[in-house]
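Novice: Handing you a structure now.
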């Protein structure tokens, strides 16, 4: 009977039907478990049904036996043709023993409820609940009674026997296998260690890793070389990847993914309502999926994630926004351009310095040729180093000093008499070869006897030497002096630079850095030499503190103008004339004063001839001694100038002058306090010391009576 036109064929989802069938079976199984309890038989049947869904796990030893057998097959070993050859060495007992713990792992751990605990108490303890603390107390009391009943020797003997029994039990291999407590037992490897060994084994077969102990894998070496051969065909390569990478486990996952994709690709329609028990976990999961599907279908036209505020990172990696780095690129370009210009400027200055050095060396060569001095003081290595002002001045003084410009021969040169030299020739009036005296400075005249009528003649060109007519007699030979005088001399050019100016220009090309196309160099300036009124010996022998009192280090290193330096030089030269003041400051340079301390120090004085214990006058010099009085005859012989006569008179007037204020007596002379303070002494201290000495002198005679 034909189908009506408006009817559509009924489609059934086979995957969904299969899953629903499995779900119904599990639901029925759970209902039976709740009614009759969990039996071993039911657990075995459930484990068998679940094992079909789980992935098959191979034993590692079986995998190694499989790889060893495959290696022998690829190698075509003769053992594969033997009838009694065994390739899988595992026994049934070992397989059963290893399957038992695996089955135990698959079993679920059953929780202990209150009913189970009460049943256990009734069966084991007769329905009596005993606290753990009381039981421990009872056992401790029993142990105490037992230990108290035995002596010390008996206890030691009992301990030794128990230890001996324990050692014998550990040495017995049979007892250890039966469950005895062995002393040393082989440590069982953990799951992580076994998994790491299997992974290393697979990596070794792939050729990606080396194993430290390859002796146990000798039979698999051929299989490893065969699989790592670069000329391996496509089929063998697929088999290698399928086995080593366990592609067979991925097939089940791919099937599940395909089923899910088919469900998503279905035409959306009203969901199929199924009767599901809400108490089951899978039923709840199914209902949740149903609600999610209805929610997505009802709100499919709304904006997704409307309840959440979206935020975006500032820098998006996948953005197509163009970065504007023109300013950065411009700065880098400017920096590179300035660097290139600086390098080019340095190269130009280097070339200019080389040209200047060649010019100076050429001038040195000319000087050697003209002066005849091959060992001139300047060499090429003097121009290679950095500029040193002291070295430069030393070389200039050595090469072009007074000895160079003002050197005169001490003795008149003597030449051997040669034949053909006329004695009556006056060489002092000789003006050089081919020179006509004052007429050479003027232009030639047509009436001159030596006027050249040739139109191509150029008078500016040097004249050729006139050849003397060959004489029939003996040939005349010139003397060395005549040869030296007859050489052509370089004409002095007032516009030419001196050698010192050439060197200054050469060293001026040195620079520290280039800033804005301008070579920056440290400028040296010529300063006025100033010794601050001290000689070299005084500066080296004096103490640092004394030098600082004479002139501070800050003042010596100060940057001053030339006028200020001249003023300081003049002031310190006048200060150095005061020998007494220099003596007071530089006491380390006057050993005589150290031997005879003054009364200001409070120490006993030594009598010195000619001084009579008096303080050295300001006019006295350091280290000078008083001269002995001259005899009347010497006084008459030496005429005395008027200034020398006035000097003693001035001293006498100074003694007769009235001293204002309190005075201090030193060495039989009176000095005012202002005078002593000008000498750098403390007048109050000297005054009180003087009073103390006077008081001691007065008390001395009284104590003697």
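Just so you know, glycine gets a Cβ as well, placed from its N, Cα and C.
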Novice: With Swiss-Prot as the source, identify the stretch among 212-247, 248-283 annotated region 'Disordered'.
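Specialist: The listed stretch tagged region 'Disordered' in Swiss-Prot is 248-283.
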Novice: Would you count the other CB atoms within 10 A of the CB of residue 162 (phosphoserine), including those on all shown protein chains?
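Specialist: Excluding its own Cβ, the number within 10 Å is 9.
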Novice: For the C-alpha pair, I'd like the distance in angstrom between residue 162 (phosphoserine) and residue 308 (phosphoserine), rounded off.
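Specialist: So the alpha carbons of residue 162 (phosphoserine) and residue 308 (phosphoserine) sit roughly 74 Å from each other.
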Novice: Validating a neighbour-count step here. Other CB atoms within 10 A of the CB of residue 308 (phosphoserine): how many?
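Specialist: There are 7 such Cβ atoms around residue 308 (phosphoserine).
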Novice: Quick check on the compositional bias 'Basic and acidic residues' (321-336): DSSP residue counts for helix, strand, coil, in that order please.
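Specialist: The compositional bias 'Basic and acidic residues' (321-336) comes out at 11 helix, 0 strand, 5 coil.
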Novice: Look up residue 308 (phosphoserine) in the DSSP assignment and report helix, strand or coil.
Specialist: coil
